[in-house]
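Among the features that TrEMBL reports, transmembrane segment is placed at 18-39, 59-81, 88-107, 113-133, 145-165, 177-199, 258-280, 292-311, 323-341, 347-369, 381-401, 407-429. Look at TrEMBL and you will find 205-242 tagged as region 'Disordered'. Taken from TrEMBL, the feature compositional bias 'Pro residues' applies to 205-214. Among the features that TrEMBL reports, compositional bias 'Low complexity' is placed at 215-228. Positions annotated as domain 'Major facilitator superfamily (MFS) profile' by TrEMBL: 257-442.
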């Protein structure tokens, strides 16, 4: 029975625990994905100075490999958080993050930045990003969209703060690059400690989980729809950590809704981060000052913050799948229109709209998976989906850099829009596989 059926919500202690988990998750994503969202600052800084002999595509591989590992390590992270809980993963991930930042402060060569800011940072961010999302998803199932939106908005806030902070520090005459990165590390330290302390599994006891489907049978979409409409006990937060059966994973992998959702998000992720990497350099090339071009990244991420919270709240009412499809379509239109902006005002408008819509996609992708999977395998299901997305997220920025170098910025605008359009179509198929009534709140 859920809260609506019993008329009772969680106890005060459980509520406080859940809200603190949301807070800790927000801080965790502020330091992890939020910092990655500011890579456009490093892209331009490295190209102008420390790595000026490297191409745009070569430099973008540093950010791309970190995003790839953020997603690529997710399947392992998801399974571990379902079995071990979040505490150990957050602790190890926080240490890895801090080591990567301090090692980056010592870098002078491309391979050093690739290993520290690319590989090591990517592994650390994965370990501190996915555990809070899995725990929050099962802590507040009735408000999953809003709760996950608030948590993921931490990355948007980080995407606002880190670029401004980096731009100011890197432009300071008395600070070198090394000390700028050390200041970043010391800023992250207390925030990560709070995240490690506050992110905890929920206390509410669930009813016994439903029997898992046999490996030779797939879960039908009508079964999924029925379970969503009744909000069964499988959606209640667990006390312990029931072992995820292999049959559970096979059943999910054979579900058409999950298959099309994953493929749709994989296409979306190819182009989704390209504006974050190249919006600043595009503005600089079109006459915007270096200082103002840095701020476009912060503007984009600020709009993303509102998209993640507001759209997450609306999705709890109108459907997570419905809202992610709408957000993907808006992102598609904006991406195709990107290079039509030739002045600062137009670039700000594009940054605002794209930031809002793309942030909504990132906030809702985990909520959509959470509606399909049972509570006991939230982390595993998210990891399976994100692991598939990791492969395509690796290629987007380097392909964008190669296109810019050969054909100019119009080519990456078209490339970004095309991948987002393909993703939107596949997400729509996933939604129709779940429920064929387009007016239903799914």
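Every residue, even glycine, has its Cβ placed from backbone N, Cα and C.
Per-residue pLDDT, averaged along the domain 'Major facilitator superfamily (MFS) profile' (257-442), amounts to 85 for this model.
Packing against the transmembrane segment (145-165) from elsewhere in the chain are residues 18, 22, 25-38, 40-41, 132-133, 136-137, 139, 184, 187, 276, 294-295, 297-298, 300-302, 304-305, 307-316, 320, 323, 355, 359, 362-364, 366-367, 370: each is 6 or more residues past its ends and has a CB under 8 Å from a CB in it. Of the Cβ pairs linking the transmembrane segment (347-369) with the transmembrane segment (18-39) and spaced 6 or more residues apart, fewer than 3 are under 8 Å, so the two regions do not touch. By the Cβ criterion (under 8 Å, sequence separation of 6 or more), the transmembrane segment (292-311) is in contact with the transmembrane segment (18-39), since 3+ such pairs are found.
In this chain, the transmembrane segment (59-81) does not touch the transmembrane segment (177-199); fewer than three CB pairs sit within less than 8 A of each other, excluding pairs fewer than 6 residues apart. When Cβ-Cβ distances below 8 Å are used as the criterion, the transmembrane segment (18-39) is approached by residues 10, 62-63, 66-67, 70, 90, 93, 97, 121, 124-125, 128-129, 132-133, 135-136, 139-140, 147, 150-159, 161-163, 166, 184, 188, 191-192, 194-200, 202, 276-277, 297, 301, 304 of the same chain, each at least six residues removed from its ends. The stretches the transmembrane segment (323-341) and the transmembrane segment (113-133) are not in mutual contact, being linked by fewer than three Cβ pairs under 8 Å (pairs 6 or more apart in sequence).
Counted as Cβ pairs under 8 Å, contacts with the transmembrane segment (407-429) are highest for 258-280 among 59-81, 113-133, 258-280, 381-401. The stretch from 59-81, 258-280, 381-401 with the most CB pairs below 8 A to the transmembrane segment (113-133) is 59-81.
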